[in-house]
Every structure is written in structure tokens, then in C-alpha cells.
Amino acid sequence: MDSTELRKVFKMFDKNGDGRITKKELGESFKNFGIFIPDDELDATMDKIDANGDGCVDVEEFGLLYRSILGDDAAGRAPRTAAAAIGGEGGAPDDEDEGMREAFNVFDQNGDGFITVDELRSVLSSLGLKHGRTADDCRRMISMVDADGDGRVDFKEFKQMMRGGGFAALGG
């Protein structure tokens, strides 16, 4: 992933645009995914991500986290990610779609275009979160967004979820 793409994903978390993700912003971002994290767990996650200990996550720290989630193939995924963001429709996507595509790709670890129970569980676990560690938790979260009932989330379902306020909003 290049620095432009990383910054687009970062901006989805950096709600006030000051270049730093606070604990509150991180918590709000997780809520958009339908993930409600207790304060103590959010503190532990911030401690894990906040390498310099200033209480906020900057874009460099976020990049380290992002690469650790994607694993060793992060560099190899960048061209496929950019092509996927364009979607083969000839025109450049708008920034919102591109940012959502990058966020989607954090969860779609194998790059097949779907977020599975195992992928969701893996990402939540690498963030140090207890919520979503069981397959049943992840299955429930996915079922709230899975419009076509195939047991996984595609990009269209992900965009609908994000625009509708996260997993929780679609869960009724």
C-alpha cells in the first residue's frame, strides 16, 4: 500500500482531521464496524498501537498496525488493491469509495473480495480485542450485514454497512 492509500484509510479513523487518532476516535470507528469495546480493552489496544506513548496514533503508527494485519504480503497487495478500487469501470473512484475499499481490504486478508468469519476474527484478534474472538461473535456480526446470505461480506454489503452506521445499524 502506498502512503496515499494509507492516509485515506487513516482519515476514516481520524474523525477531526488533526493527523492523530485518539482513543475516542478509535472507539467511534470500531462502533461504525458494529464493534463495541469496553474502555479497558480500548486502552490496551491503544497501548499496543501507540508506539511512542503519546496517547494518540499517528499515520506512521497506523501504518505499522495496518502492515501487521495484512502480513507479509502487504506490498504485493498494493497493485491489486489499486486496481480493485478503480473497479474496472474506466473512471477513477471517488475518495469515499477508495477509502472504503482500503478499509475493506484490511478485513479481506486473502484478497478474494469477501470478508469471512475467519478473516474478521483474525483482524479483531490482531488488534488485541476480546470482542469478536469467537467464531460465533464474528458469525453474528457478519449475518447482520450479509444481504445475500452467503455467510460473508462483499464490498457492496460493506459499503452499505459503513454508510448505514456499521454492523449494529443494519442489525435492527
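Even glycines carry a Cβ here, placed using N, Cα and C.
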Annotated companion of ASP108, ASN110, ASP112 at the Ca(2+) 3 site, Swiss-Prot, chosen from GLU102, GLU119: GLU119
Separation of alpha carbons, ASN110 (Ca(2+) 3 binding site) and ASP150 (Ca(2+) 4 binding site) (Å): 17
Inter-residue C-alpha distance, ARG152 (Ca(2+) 4 binding site) and ASP112 (Ca(2+) 3 binding site) (nearest angstrom): 11
Between ASN16 (Ca(2+) 1 binding site) and ASN110 (Ca(2+) 3 binding site), the C-alpha gap once rounded to whole angstrom: 31
